[in-house]
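Q: One structure, as structure tokens, below. Some questions next.
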Amino acid sequence: MPSDFPPGQAGIHARFRVDYPEFSLDVDLRLPGRGVTALFGQSGSGKTTCLRCMAGLAPVSDGYLDINGEVWLDSAARRAVPTHKRALGYVFQEASLFEHLDVLANLRYGMKRVPPALRRVDLEQATGLLGIGHLLARMPAGLSGGERQRVGIARALLTSPRLLLMDEPLAALDVQRKREILPYLERLHDELDIPVIYVSHSPDEVARLADHLVLLEQGRAVASGPLDALLTRLDLPMAMTDDASVVVTGEAAGFDPGYALLTLQLPGGRARLRFVHQAAPAGQRLRVVVHARDVSLALQQPREGSILNVLAVRVLEMAPAANPAHVMVRLDADGTPLLARITRYSRDRLALAPGMQAWAQIKAVSLLA
């Protein structure tokens with residue numbers, strides 16, 4: 001089966017049909033050949049099964065898998081590259097380290113699979129990205145859960161994979177350990193040119209890490225597309241959760257050292273956000289997340305108040321939220337999408353309707369790495 005991507009354009013084509021007695025997976029996905037693609041869905045939706053198909057660990061009734069021009073599976077041609085010959089890294093919920101080896105020996109084990117001439121990630125780069133240089137002499141038994149997972153990710157990177165699979169790598173960690181490891185995952189996103197398929201049922205993780213999103217329900221892909229487009233679709237479940245948010249990419253456009261306020265120019269040209277942060281070079285692209293719960297609406301421009309960011313918006317549509325007392329409102333701020341979660345009472349008091357002009361008051365903005 002030929003590649004479906006335009007000449008010179010890399011990508012991933014993953015088509016799998018898997019039949020179990022009580023579950024079936026039937027997906028046909030065309031994904032970016034770089035960056036992070038998140039597979040999102042509830043337990044039992046088929047996320048891990050899809051990952052196992054990519055790794056060659058699940059029996060596929062009919063399938064095709066092309067990773068940036070390298071075909072690993074083609075049922076029609078009776079071609080199936082065995083797992084140990086697929087250039088992939090796999091990170092599980094809990095890092096499976098060799099307990100009798102120190103961290104350095106664990107990392108070198110990952111490197112042994114790759115001839116020196118084919119290594120795309122070296123030891124210094126992997127330990128630097130994951131911040132584990134000071135752990136090399138430690139034994140796994142002396143590591144925290146977050147440290148173990150960072151070592152496991154570094155070992156996967158040292159196999160110089162053409163594809164990195166991550167199956168809920170933060171699921172086994174407590175809140176503090178998740179906060180510890182997320183910045184390192186963001187660095188991988190920014191600094192490595194390896195496509196990552198990231199399984200999660202956490203909207204917050206997806207918003208922080210992903211570029212592309214696939215929503216799975218009962219073994220079927222109900223939506224697939226750029227993260228920013230899918231996060232604001234009110235017909236999809238992610239926009240209905242308590243963690244509903246949007247991810248906005250803008251450019252650094254000024255810094256006030258007296259108040260440590262960074263200004264971010266949004267894509268539309270007129271809208272800007274300000275938030276407390278260190279200085280950034282003018283023009284540097286930055287990603288921020290804005291949660292729907294942190295956005296309130298007013299019909300008149302607020303003149304006095306402590307909220308820094310007040311943007312002119314247009315109401316696009318509304319839908320009931322997961323909590324029946326609330327509604328979700330999709331907004332446009334000069335080309336920048338936003339979500340607001342407000343009470344039904346506020347909607348009725350303001351008499352909001354699609355097409356209306358309003359003012360969005362943004363109480364918090366979180367900068368992503």
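Every residue gets a Cβ built from N, Cα and C, even glycine.
Worth saying up front: this structure is predicted, and the values here are computed from it rather than measured.
In case it's useful when we look at the structure, here is the feature table from Swiss-Prot:
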type: BINDING; residues: GLY41, GLN42, SER43, GLY44, SER45, GLY46, LYS47, THR48; note: ATP binding site
type: DOMAIN; residues: 7-243; note: domain 'ABC transporter'
type: DOMAIN; residues: 304-369; note: domain 'Mop'
Q: Note down the number of other Cβ atoms within 10 Å of the Cβ of THR48 (ATP binding site), including every protein chain shown.
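A: Neighbour count, Cβ to Cβ under the 10 Å cut-off: 19.
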Q: For a three-state summary based on DSSP, what are the helix, strand and coil counts in the domain 'Mop' (304-369)?
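A: Taking each residue of the domain 'Mop' (304-369) in turn, the totals are 7 helix, 36 strand, 23 coil.
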Q: GLY46 (ATP binding site) has how many other Cβ neighbours within 10 Å of its own Cβ?
A: 23
Q: For GLN42 (ATP binding site), which residues of its chain lie six or more apart in sequence with Cβ-Cβ distance below 8 Å?
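A: The answer is HIS201, GLU217.
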Q: Other than its own, how many Cβ atoms are within 10 Å of the Cβ belonging to GLY44 (ATP binding site)?
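A: That number is 14.
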Q: Residues near the ATP site, GLY41, GLN42, SER43, GLY44, SER45, GLY46, LYS47, THR48 excluded, by Cβ within 8 Å of the Cβ center?
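A: Not counting the recorded site residues, we get THR49, HIS201, LEU216.
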Q: Including all protein chains shown, what's the count of other C-beta atoms within 10 A of the C-beta of LYS47 (ATP binding site)?
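A: I get 25 for this one.
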Q: For the domain 'ABC transporter' (7-243), what's the model's average pLDDT?
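A: Summing pLDDT over the domain 'ABC transporter' (7-243) and dividing by its length gives 90.
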Q: Using DSSP and collapsing to three states, where does THR48 (ATP binding site) fall: helix, strand or coil?
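A: DSSP call for THR48 (ATP binding site): helix.
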